[in-house]
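These come from TrEMBL:
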type: REGION; residues: 1-280; note: region 'Disordered'
type: COMPBIAS; residues: 12-26; note: compositional bias 'Low complexity'
type: COMPBIAS; residues: 52-64; note: compositional bias 'Low complexity'
type: COMPBIAS; residues: 72-86; note: compositional bias 'Polar residues'
type: COMPBIAS; residues: 140-156; note: compositional bias 'Low complexity'
type: COMPBIAS; residues: 225-235; note: compositional bias 'Low complexity'
type: COMPBIAS; residues: 242-271; note: compositional bias 'Low complexity'
type: DOMAIN; residues: 375-413; note: domain 'Zinc finger Sec23/Sec24-type'
type: DOMAIN; residues: 452-696; note: domain 'Sec23/Sec24 trunk'
type: DOMAIN; residues: 701-784; note: domain 'Sec23/Sec24 beta-sandwich'
type: DOMAIN; residues: 797-896; note: domain 'Sec23/Sec24 helical'
type: DOMAIN; residues: 918-989; note: domain 'Gelsolin-like'
Amino acid sequence: MNVNQQPHMATPYGQPQPGYQGYPQPGYGGDHVPSGYPAQYAPYNGPGSAYQQGPPQGTRGPPTSGAPPVSGAQNYSQFGQGENQNGPPPMGPLPSTQSSFPRPPHPTSQPSAFPAGPPPTSIPSQLPGVMQPQPPVSQPSPYHSGPPTTSTGFPPQVGAPPRPSFPGMQGPPMASQGPPMASQGPPMASQGPPMAQANHILPTQPGMPPGPINASLSGPPPQPGMQGYPPQQNGAFGQVRGPQPGYTGPYPGQPNYGAPPAAPASAPAAPKRLDPDSIPSPIQVIEDDKANKGSEPFTTGVRGQAPPLVTTKFQVKDQGNASPRYIRCTAYNMPCNSDMAKQSQVPLAAVIKPLAPLPPDETPPYLVDHGESGPIRCNRCKAYLCPYMQFSEGGRRFQCGFCNCVTEVPPNYFQHLDHTGKRVDCYDRPELSMGSYDFMTTVDYCKNNKFPQPPAFIFLIDVSYNAVKNGTVGIVCQELKTLLDYLPRENPDVESNIRVGFVTYNKVLHFYNVKASLAQPQMMVVSDVADMFVPLLDGFLVSVSESRVVIESLLDQIPEMFADTRETETVFGPVIQAGLEALKAADCAGKLFVFHSSLPIAEAPGKLKNREDKKLVGTDKEKTLFQPQVSFYNTLAKECVAQGCCVDLFLFPNQYVDVATLGVVPTSTGGSIYKYTYFQAPSDQERFLNDLRRDVQKQVGFDAVMRVRTSTGIRATDFFGAFYMSNTTDVELAGLDCDKTVTVEFRHDDKLSEETGALMQCAVLYTSCSGQRRLRIHNMAVNCCSQLADLYRNCETDTIINFFAKYAYRSVLSSPTKNVRDSLVNQCAQILACYRKNCASPSSAGQLILPECMKLLPVYLNCVLKSDVLQPGADVSLDDRAYLRQLVSTMDVAESHVFFYPHLLPLQKLDVESMALPMAVRDSEERLSRGGVYLLENGLNIFLWVGVSAQQELLQNIFGTPAFSQIDPNMTSLPALDNPFSKRLREIIESVRAQRSRYMKLMVVKQEDKLELIFKHFLVEDKSNSGGASYVDFLCHMHKEIRQLLS
């Protein structure tokens, strides 16, 4: 790589900032940090020694089928910031930053481009598309005299028109020699079937004069020592712009933007960076998939076909394999043997969401009843009857698709076969023709061989001083009065048979008797928290309809009773023990809703101390901060799972509460954690209440056990999610709701054959909210391949990233974050190097070639590497990191996609007449126009970014004021104005919220306002505050890693 290759730089930032997830931080400004951040990546242009291979300590890449060799600890960050030595200022709009609480701009001068003086210029760069300064004529040039072309590709544009001066344009249309570029990047050229297309980033022509490209494609006269470039092959990432001859005017805030920088004579000419429009665009891939796969229903009958992307709206027709809403795989062509899997390093995994909700136009799974003998299963491996069973002997026996064992068909299930060997009733029976269905079970499938009682919900409310003062006690009690009418039920016309109970607590616990026959609720206090028991049986768990009057009286009295409390200390362990004991006494499963505000420091089991220590971040001891500080909660979680007691935790902290420890029980029981830091009723109440309503009402199964069976040749070896495992095969979930996913990794234990493919069956045994014991079955068949090219043709990058994130986020419990990042980079480089070596047509080492279905792997992987868990900014709290780590562990692919690569919509392009949304733009500051308004959402937050020059009419339509200065940045909901634009925008926000499992609070961000630093944290293609690389720089780094592996 050329030493004078100079990536973009961002200014360092100062102190934390109010407002991220509701954090009003004290003091803005304040002390500035030293200007040099500990950079994660050494300069991409740094000395070769920064990239030597050597094993890191104690971590491995996410296993695929054998641990990959791991590359050395790589220090690849931008150069140190702040040493202002000779060299031009960086070009281009300043990239944005990525840290949870970014900091205000540092008042130092612009950081310089070359930290250690001008580098030597004699090494020709092998990296494509990176714009080089023109070599002196005497120097041999590595480039070919004319642009490389193909029959379908376009030559790199040389005479591209100059870029306009403001950062909002996506790039000018190309000169008339090529078709106009789409705003998201030029069209991709391709020859042959799109799946087989290799992707190249073209080398650019250094120093070519601007001017028309004439028909003969002649370039400047060849220079001495030229080697021709091989012609470019199928599939280019579009044209790379030639050196931009002159930008049209100074960029605000940068002297003479685009003019030749004033530099000492010894400095080389300003190097140009890789053009972002010439590298794979997530938006382009998403739009192409919508166009190609969004119109037809996706039928699941064909084995091994990859579904549309999670960003595409499509209808599913179940014809024998589970819908992608239930199961998504990393690869739909599995390698036939473990050697091939090891060689490619592609993880083999499935992300399973057993109770996923379906859109209204799709049929929910049918309920199948096989009578008193229960569901029919294989005698040997116990797989349930499914479309992969082959009937024989006229229908009297079936051969199992998983283990090949032959089983007798029970007489009451017998049916004749047709001329193809299929049962004549095949299409009348969901279990013989569908990918997903439910079975009714018999008493043999129940705990202690007796049918379960209906489940119970217990609400445990913190009434300490903090909880009363911030308003949560009053809000919860008021909301429960109406919410209890909406407890989950299977038949909307029948009342729910879930019973409810109530406890309040500070450092003692108060139980309430709300028996229907009482005139007033009765309170019983348990102050011996060391030995928790439930002081009443009759009257604690009641039916809402029978005890409504007493319950409402209680909910009115609780806020008054504790209004003047002075008790600041709380307990936590005994609170969960109390709920667990109550469920044991009632002999039922259920869910605890715990509303908690502070670190439990009162003397009691599970007491915690404040261990927040920022000095450990980035050290080998950092992993201890993600581990629970006491083992008490692990033992308690195990007891909860045994009883079917699921815990959902709502946290309202004003300081450190040790989420890593408090979260152990929720994340081991299939529960959820919701966190409202610095909760303020006026701005946060809406978010909390929407989360609570959805959490109480959503479909949920209790006391669940999940097992994944596979056909001979592979087996499930590793599991990720919120559950408990007491053995190697059974995933135990005290509760399993419609949002939870379990991710399963597979390994080879034998060879697979291309004829039969690979089968998996996920069976979940659970108690429905009406108290019925059921089985939910999902079946999936994928192809097997003996050629690497087939594997790389049929992978799903979004699912691979979901798996990598979960793998990495679990690894931080046992390895330093730097090792975790390095092993991810190394595994990704191995995947791409294996493709380059074995599947791509030969070409210059200077070209980066990516498989078509993985061309976004680098940009998405970089987003995971820069995330707050793996590379936090200085202002991200430990609690936030623990919270996000636990949150991602149960995310489905759609949620992880938007979490790591947020959705950014240009509202100035919104057409109010159309139901279609405007095409999203890429997550980079360069894509924002000062005259625009943008909506950004990532599943947890919604931002409305308002450009400083936004049109008055647009502002009037959205905010009811034409003046930028009059927009209130503290608003959390948009005014309901009587104009089509306002109505449409509010509809869009509501529909986006409806797609996500958590309610997203709206934040209005005005350009150049202090809140903008938080917004920029989500512009993930740019360099981040915490040292994370920009997309362009990471792609260069990835290319270097791949070439190192190949050499």
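Including glycine, each Cβ sits where the backbone N, Cα and C put it.
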### Message
Taking only the residues in the domain 'Sec23/Sec24 beta-sandwich' (701-784), give me the average pLDDT of this model.
### Response
96
### Task
With a Cβ cut-off under 8 Å, give me the same-chain residues at least six positions beyond the ends of the domain 'Zinc finger Sec23/Sec24-type' (375-413) that come close to it.
320, 368, 421-423, 431-435, 439, 441, 709-712, 756, 759, 761, 763, 775, 777, 779, 781
#### Entry: For the domain 'Gelsolin-like' (918-989), residues assigned helix / strand / coil by DSSP
24 helix, 11 strand, 37 coil
#### Entry: Secondary structure content of the domain 'Sec23/Sec24 helical' (797-896), with strand meaning DSSP E or B
64 helix, 3 strand, 33 coil
### Query
For the domain 'Sec23/Sec24 beta-sandwich' (701-784), DSSP counts of helix, strand and coil?
0 helix, 54 strand, 30 coil
